[in-house]
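Engineer: Straight from TrEMBL, here's the annotation block:
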DOMAIN    A:29-143  domain 'Acyl-coenzyme A oxidase N-terminal'
BINDING   A:188  FAD binding site
DOMAIN    A:293-458  domain 'Acyl-CoA oxidase C-alpha1'
ACT_SITE  A:443  active site, proton acceptor
DOMAIN    A:503-673  domain 'Acyl-CoA oxidase C-terminal'
């Protein structure tokens, strides 16, 4: 298929541009990569696994955007099974397997097996149940899913409608769906893949006096076989299937499931924490879900660490492409022969991308802090002592909300900053955007869960007001006590002196604002006794301000901690400090009135924020390509013509269009009088009609 | 396929809920519909066309999300041709045809024919050229596209790389692509459909003295046959094809095209405004593109009117679904038997949806004003007199940017407000989101084009400063003169007095802020002589503030104009006024510091905005369903289980999953040891591998 385009080159050489960008910065991206990505041997593991995946045809992403949704599930299942075989073949450990899933970059139908399914059995099953189920799970002879959400209920778990009635005569539970809205819904891997499910259902026990009257003991987990192990057909009394196409998650079979008086044995109820006595039918609860509390913090830390890599991926594409893309000469230039400007040199492009680049680091240091604290206090957590991470656990709701919102919005901001090609498949952002848009909703809706952190802050502020001199149990107590001492004589602070940014003042004003908003919430709820619902918007803003303060505090602490930064060269350290300032001042500028109305920052400082931000962006700009290189996203994962490491943007875009697009293999009949679609086929338009 | 789910009902009846919502408001949605949608007989036309389309299998949208991208083009072409046949069969006029395209709701491969292709020929061809080409276009014996954008250039049209060299001996132009980045790119209908293209190329004329030296006369339009009319193969010397999958526009064949010394006759250059003399090779330009100036204003008005319907669609889905969806009991309630709350009753849901509902009306009245002004002054425009719409033409860049941003962001805000089901295909927002995300970029990038309005405002402010007493030519002159007179003694205004909102003060402060920001831009650019690029962010904010002021001014003018509102009942009028206030105060609260730093609004008023907004949302809430009903979006267009007019949300979601999902027809082999994917097929995993 040789033709005259074979010898054409782009007018400007993207590869040379990126080389010049890299030569223009003294940052060592290797050094910074190691600083950012050394936990659990991330970098060598990534290098080892990506080399294997890249060679497998099944893992090629070239045609993914041309597949239909049903085909994407076929592919997802094929890849899930192949990955399992690769575990055996290459002797991968669990982290290797997770890395392979991460690099494959789609929600796998096997994803729930070792996460929600295995974790629930491990944490909530009795020892006897574990002994029975874990081996089957670990050799993958059964495939599991986790069936909690229903058509009518997601966030409000207590409102689930699926019933599990105890039949004392048969010593069985009867699973039943009394309403259409009781249908299990959204549960991953359930639609077409799973053989078993953890079904969360309202436990209903018959009354002692009146056995026809049932009392609910709340939602409880049951482990249930849902499909025949040979025929893979649903068992009688079960209706189960895939819910159909969604925004993203094309490769995953999110499912629905209903029960018609479906009987399961007594042993199906996971009974580490709650049990129905087989003989008496009495309900016993034991212990707290203490471990869950700790592992939720760990999961939230993972969400933040994942968010930073997602955002880093979008920013990598945007920085590399906008460094290469040229459009318009400098409007003030008189020189007609001057080349067009790289669009990353326009402040209107910088203001969209560089603060997000800075945000990747902000997320990083808080994620690291959460991991560290969790590992350091793991033993006390196992024993049910959460004093060390109590605040963090509470804050984790606010952080989940803030960080996934920043990442989800950031992908789209990067995409739009890339103009026309940002809308094309070559951006590499189509799939990541569609999939990641789930995150602001799943694992706690980003608006709803901010109530949890606000409630905690009100409780802590109430305690601080009532006992202003009590010995502080944690940093939050200290902050609130300081706030209560100083609020009468607080002067709004300067964060910029002349052209000097004051890092300590930045930390102070973010903390002060969070404390002030906490006090206002306390005032409204506890003193003025306003209704909870009337405060929801205020509480959401409080949670966000508090979470921003955490990101700021941890970012600053990391930059001033010699242990954390000893491996960094002075240049790198200095650029990271500019990123800290940019993230902080950009956030402050966007919410400027919140910083003035809380007496945190003085008007003079707020007035100079736009110019200070411009200056910080100019400082960071020469290092932008090296900074994104440091996130070490492999081309295989980026899957982006615009974001390629080598800068061959236009060559790749053209290759995708001209040599890889299957639509170009077909010649069409454009005559409106004819029903034929493929020219000369005589199809009469029937093939496409038959798919509707 | 009868089963036990056939008789299940949702726990709460969505249909009854919507009926109760409708009975709870005194607004007449028919009356408001007529007020909003009477232009050009929109409502009866919509009713007539939707009835026809709904009956055609080819126009069924049920399976659309299950089709691959190549299939979507097959479908798009089949529908495009069918629509043409329906024009003949039903005797549709052009507005009927446009309505059918709008209701079909996908970018048609025939869409460019009567828009860019026909319009360019009509406006830029000579009379002789028009006489030759227009009949072929109007009987669709040729299919056209508009090839301007290239791989390397979109916004900067002057930087286009495709060359049209005049060969004086052969009396031909030679089209040539000297670089890969000269490839035409993105051009709709070019990839697989079009037979002809308007090719915009740099006109190069040989020097009089040195014929080997060419001088560029800038980009000029040429009409070019690109494919054989019988075989539909590209003509020799042309490489053309489809660029591949994108975020949206799956049904459209956006194309690429390169030329290898491709010769076209002298008559190919559209020569109403510019011509190369066939004999002498001399270049002549004549007249201004005056008409283009007018029709651009008209196109921009259409973009705003379209944006309001897009946003109305997303808001319709969100309001109806969140009125039905229930989750959690009131947290302050002690009554365990109290039903769960409709999520639209949570302020955190209201604050995302209701301001967008108000925004639909804000967009409407400005779009109406633009249409009106354009029609009223059409004759003077044709004569090249633009005095009446000069300001509007300039403002239209800012309005395009603001309105398409509001609509694009609004779709995603509505989606997230709907929680889990918002991520599902039943939301009906998957396609509209993917397609509409193009709008912030096409027809002038939303960040780039704001420079045009800022430049205009600086020019006007400069004139006002230089001649403060000159008779004002338009409303903008009046505003700027008033600003210059009063700025020394301006007191920041109250917009809320107690619980009373002051509508006139709202208009005043939006106008004042726009004037103040214009003055600052003038100060920076003209007095301080700052570089244009260093001001870009400031200018973008200016354009936005100015455009917001236009929306506010027109919305207020419409509500206080008896002619405009005489058909509205007092209740409806009053609710629309609450919408005006909500849009205004929500915008003000989001950009509060901009209103305080420009001395527009006093701090006391800014402090009470959150509570005032809560109160306004409570006023609008009971009318929300009726208000979205008034936008009269047919279920066929909504294509949304969540947004159905009848409220049968859960019944439809279940039907889509259980009865219409083709993936549920297949049984899969979940055994990881086997390469087989479809159980019992012995496929060995080959079918899906072959598609990669």
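Using the three backbone atoms N, Cα and C, a Cβ is placed for every residue, glycine included.
I would like each feature placed in context: is it buried or exposed, what are its neighbours, and how far apart are things?
Structural biologist: Within 10 Å of the C-beta atom of residue A:188 (FAD binding site) sit 25 other C-beta atoms, taking all shown protein chains into account.
DSSP assigns residue A:443 (active site, proton acceptor) to coil, not to a helix or a strand. Taking all protein chains in view, 16 other C-beta atoms sit within 10 angstroms of the C-beta of residue A:443 (active site, proton acceptor).
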Engineer: If one measures from the C-alpha of residue A:443 (active site, proton acceptor) to the C-alpha of residue A:188 (FAD binding site), what distance in angstrom results, rounded to a whole number?
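Structural biologist: If we compare the Cα positions of residue A:443 (active site, proton acceptor) and residue A:188 (FAD binding site), the gap is 13 Å.
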Engineer: So what pLDDT does the domain 'Acyl-coenzyme A oxidase N-terminal' (A:29-143) average out to?
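Structural biologist: Summing pLDDT over the domain 'Acyl-coenzyme A oxidase N-terminal' (A:29-143) and dividing by its length gives 97.
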Engineer: Across the domain 'Acyl-coenzyme A oxidase N-terminal' (A:29-143), what are the DSSP residue counts per state (helix, strand, coil)?
Structural biologist: 90 helix, 0 strand, 25 coil
